[in-house]
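Trainee: This is the structure I have questions about; it appears just below.
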Amino acid sequence: MTDQTPKRLFIKTYGCQMNVYDSQRMAEAMGAEGYVETDRPEDADMVLLNTCHIREKAAEKLYSDLGRLKPLKAERPDLRIGVAGCVAQAEGEEIIRRMPLVDLVVGPQAYHRLPAMARGQGPAVDTDFPAEDKFDHLPQRRATRRAPAAFLTVQEGCDKFCAFCVVPYTRGAEVSRPAARILAEARDLVARGVREITLLGQNVNGWHGDGLSGFGGLIRALAAIEGLDRIRYTTSHPNDMADDLIEAHRDIAQLMPYLHLPVQSGSDRILKAMNRRHTAEQYLRLIDRIRAARPDIMLTSDFIVGFPGEIDEDHAATLRLVEQVGFGSAFSFKYSPRPGTPAHGRPLVDDSIADARLQELQALLTRQQRAAQEGMIGRRLGVLFEKPGRLPGQMVGKSDYLHSVFVHAPQARPGDLVQVRIRASAPNSLEGELA
Ligand code: 5AD
Ligand code: SF4
């Protein structure tokens with residue numbers, strides 16, 4: 001502690017789960033400096049915005065939120081405002097030039113230096129990819145809000161260079177954390193009451209560590225940890241679904257029957273223009289092999305519509321692929337050109353056409369999601385309770401397939417892993433009773 005009175009830190013997180021993880025680690029690092037977290041920027045001594053650069057809309061949120069902070073900063077000039085994450089990496093000093101109320105800017109690979117920056121030591125802008133590993137310089141995990149499910153970053157960055165994607169530039173080259181560190185962090189989380197771990201990486205199934213045979217080997221090693229009941233991972237690239245990982249889905253009970261496997265498009269022409277390096281047919285054959293290993297697996301995906309050059313036939317091929325696979329749910333986005341990426345500057349698809357395609361795809365995906373949820377009615381599923389629900393005596397948790405499930409269970413507590421008979425399906429959740 002550098003001060004006696006606790007200072008207050010407000011963090012807002014945008015974007016992916018890795019940002020959620022990073023925000024937790026930044027809060028821990030600032031905790032060691034005497035900062036405690038607050039839910040209200042009005043009460044904060046420091047506001048930290050942990051940003052996402054994946055689409056233009058995501059990046060623009062930073063500037064509208066900074067605009068809203070202006071009166072607060074005018075009232076209290078000693079309020080410190082920091083920008084972290086992927087916009088920080090991509091735009092660096094430009095952020096301060098555009099928004100002078102920002103005091104510091106820190107990229108995703110440099111945030112172990114945030115405490116020093118906040119103390120006024122070191123530069124106001126740090127977007128280095130330092131040689132030292134940030135994880136070696138961060139304090140040990142702390143159970144801030146005791147939750148039974150936790151994230152654990154095992155891999156960062158990406159070398160795939162999909163033509164639309166900022167990740168190789170904002171998160172850098174692919175780096176895998178050493179197996180021993182990952183296992184130690186997992187054991188530590190389990191010792192603090194965590195029962196479910198989601199392994200994170202921009203290209204998580206490309207993890208290649210020391211001593212273990214690929215990502216499947218890492219999952220096997222994690223499954224040996226007593227008390228770790230559930231393992232998940234995200235996000236994966238189809239070309240890195242190795243045999244040992246598919247076999248892990250067959251053999252390891254703790255590995256949940258759920259796989260997020262973005263395909264982006266069902267058209268070979270567009271997949272090629274996107275530099276995805278696989279065809280629609282190869283994706284479908286891969287799905288066959290995964291389903292042969294784990295027949296009840298639920299598949300989810302990401303799609304981009306309106307990628308430059310996409311014509312009606314390409315869009316029809318995407319709809320066809322969706323029909324053939326049958327997804328439990330999926331995210332779909334209109335293409336957003338990102339500065340610095342290979343596809344930036346390519347002629348855009350007419351906006352109204354892209355909008356119509358997005359609507360059509362989303363309608364199909366919504367039908368599939370509803371059908372998948374209704375297929376759960378009558379089934380017995382494992383549910384890990386996370387917190388009380390809105391109704392008295394109610395708990396809410398995640399099913400094996402990652403659905404939110406509401407259950408009347410007055411005796412239960414967060415962290416209980418129970419069997420639930422599913423009774424009904426709502427638009428974004430299920431309802432069930434203790435089995
Ligand atoms: N425009 C629209 N969507 C994008 N995604 C990534 N980059 C872009 C972009 N430039 C989507 C992809 C990816 C998900 C995380 O975001 O579908 O899988
Ligand atoms: Fe957004 Fe990608 Fe950065 Fe995650 S890694 S915050 S999705 S730009």
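Glycine is no exception: its Cβ is also placed from the backbone N, Cα and C atoms.
Okay, so TrEMBL annotates it like this:
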DOMAIN    7-123  domain 'MTTase N-terminal'
BINDING   Cys16, Cys52, Cys86  [4Fe-4S] cluster 1 binding site
DOMAIN    144-374  domain 'Radical SAM core'
BINDING   Cys158, Cys162, Cys165  [4Fe-4S] cluster 2 binding site
DOMAIN    374-435  domain 'TRAM'
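Can you tell me where each of these features sits in the structure?
Mentor: Model confidence over the domain 'MTTase N-terminal' (7-123) stands at 96, taken as the mean pLDDT rounded to a whole number.
Note: Cys16 ([4Fe-4S] cluster 1 binding site) has non-local neighbours Cys52, Ile54, Thr235, i.e. same-chain residues 6+ apart with C-beta under 8 A of its own C-beta.
A coil conformation is recorded for Cys158 ([4Fe-4S] cluster 2 binding site) in the three-state DSSP classification, outside any helix or strand. The Cβ of Cys158 ([4Fe-4S] cluster 2 binding site) has 23 other Cβ atoms within 10 Å, all protein chains considered.
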Trainee: For Cys52 ([4Fe-4S] cluster 1 binding site), what is the tally of other C-beta atoms lying within 10 angstroms of its C-beta?
Mentor: 21
Trainee: Which state, by DSSP, holds Cys16 ([4Fe-4S] cluster 1 binding site): helix, strand or coil?
Mentor: coil
Trainee: List those of the binding-site residues Cys16, Cys52, Cys86, Cys158, Cys162, Cys165 whose Cβ lies under 6 Å from any atom of ligand 2, in sequence order, or write none if there are none.
Mentor: Cys16, Cys52, Cys86
Trainee: Do me a favour and check the Cα-Cα span between Cys162 ([4Fe-4S] cluster 2 binding site) and Cys86 ([4Fe-4S] cluster 1 binding site); whole Å is fine.
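Mentor: That separation, Cα to Cα, works out to 17 Å.
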